[in-house]
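Step one of this worksheet: look at the structure below.
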Amino acid sequence: MENSSAERKQQLALDIADGNDPSDAAKNPDGRTKLQGLFKQLSLLDRYLYVWIFIVMAVSIIFGYYVKGVKKAFQVAEITSVSLPIAIGLWVMMYPVLCKVQYEILGGVLRQAGSLKTISLSVVLNWVVGPALMTGLAWATLPDLPDFRTGVILVGIARCIAMVLIWNDLAKGDADYCAILVAINSILQIILFTPVALLYLKVVSRGKGFHVSSWTVAKSVLLFLGVPLAAGVLTRLILMNAFGRKWYESKFLRFIGPWALIGLLYTIFVMFSIQAHQIVDNIGHVVRVAVPLLLYFGILFFGSLGICRWLKVPYPLMVTQCFTAASNNFELAIAVAVGSFGIDSTQALAATIGPLIEVPVLLLFVYIVGFFQRKGPSV
């Protein structure tokens with residue numbers, strides 16, 4: 001259902017990857033002109049997204065550190081231990097993406113040959129490999145920092161149900177499969193988060209002080225996925241029936257499209273402003289906590305990529321699989337850490353470092369996977 005603008009963006013990513021080869025440029029003297037024309041057709045926000053994200057991250061940390069009362073102002077109201085401004089940003093970020101999903105064909109997608117294999121692979125990567133990998137890396141790199149280790153393990157257990165929609169959309173993954181995998185992870189999160197967390201934090205790590213109920217997890221899923229999902233489904237149903245598919249896809253989706261990236265930048269600003277003092281005052285520990293996170297994102301993403309290429313998974317499904325496996329639900333990890341250990345705890349700080357590392361790393365992965373779209377029939 002991608003419109004011509006989305007197709008131009010996808011072609012642009014491919015042209016950029018090929019344009020780095022001087023021999024290609026020599027063979028195609030008109031390539032540079034074509035690339036420049038496509039580049040100009042992108043919005044300013046899309047064109048320099050990686051620049052805006054790094055600028056917003058830097059500005060938010062400086063702003064939160066030097067401007068008094070920022071943390072208190074942003075935390076004036078909370079939902080399940082998450083700042084209301086962050087919750088609003090997440091809703092704005094996810095709403096346009098969820099409006100794009102073709103809910104009317106999801107039943108057919110599930111019945112397609114190979115869907116069971118795709119879903120089974122996702123479940124294994126998310127609920128078997130991911131938590132075990134993060135626990136192992138946390139113990140290997142943070143043996144002397146048990147509280148930070150606990151926060152890192154919480155990040156690994158909380159499977160992504162929000163940001164993955166953005167990364168998948170930017171990388172031109174399969175939006176319909178992504179919606180299915182997000183829905184499955186949401187259900188499994190309610191069922192499995194508490195027992196898996198107890199396994200790795202209390203049994204494996206022999207930790208203390210961890211308390212979380214299934215209702216806490218369910219509230220997080222309902223609020224941060226259920227609200228924008230319901231809005232997306234109702235919007236698509238009502239507007240397509242009222243104005244038709246052509247108007248909906250060519251006018252409405254184009255109008256709300258930029259909201260997703262604006263919501264992403266806003267969420268980053270609020271989140272890092274709130275934690276600015278914690279990040280700056282504990283910069284040494286932040287750097288150490290970044291090590292298992294970087295290893296985790298890299299191993300899980302490229303491991304999933306290798307498995308998908310070996311299985312000859314088509315590019316859109318491969319992208320969806322990789323980002324679903326490597327992304328994490330930082331909202332839930334932060335909410336559980338705050339609820340169990342307190343808002344100023346080192347466990348909560350470690351959970352907050354998760355998105356500090358995840359956002360730029362997965363944005364880099366968005367650009368990297370574009371390269372693989374040229375690599376043979378399997379991708």
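Cβ coordinates come from backbone N, Cα and C, glycine included.
Annotated in TrEMBL:
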- 48-67: transmembrane segment (TRANSMEM)
- 79-98: transmembrane segment (TRANSMEM)
- 119-142: transmembrane segment (TRANSMEM)
- 148-167: transmembrane segment (TRANSMEM)
- 179-201: transmembrane segment (TRANSMEM)
- 221-243: transmembrane segment (TRANSMEM)
- 255-277: transmembrane segment (TRANSMEM)
- 289-311: transmembrane segment (TRANSMEM)
- 323-343: transmembrane segment (TRANSMEM)
- 349-372: transmembrane segment (TRANSMEM)
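Listed as Cβ neighbours of the transmembrane segment (79-98) (distance under 8 Å, sequence separation of 6 or more from its ends, same chain) are residues 162-163, 165-166, 169, 175, 179, 216, 219-220, 223-225, 227-229, 231-233, 235, 253, 256-260, 262-264, 266-267, 270-271, 274, 331, 334-335, 338-339, 343. Pairs of Cβ atoms less than 8 Å apart link the transmembrane segment (48-67) most often to 255-277, out of 119-142, 255-277, 289-311. Under 8 Å from some Cβ of the transmembrane segment (255-277) lie the Cβ atoms of residues 43, 45-46, 49, 52-53, 56-57, 59-65, 70-71, 74-75, 83, 85-86, 89-97, 99, 163, 166, 169, 349, 352, 355-356, 359, all in the same chain and six or more residues away from its ends.
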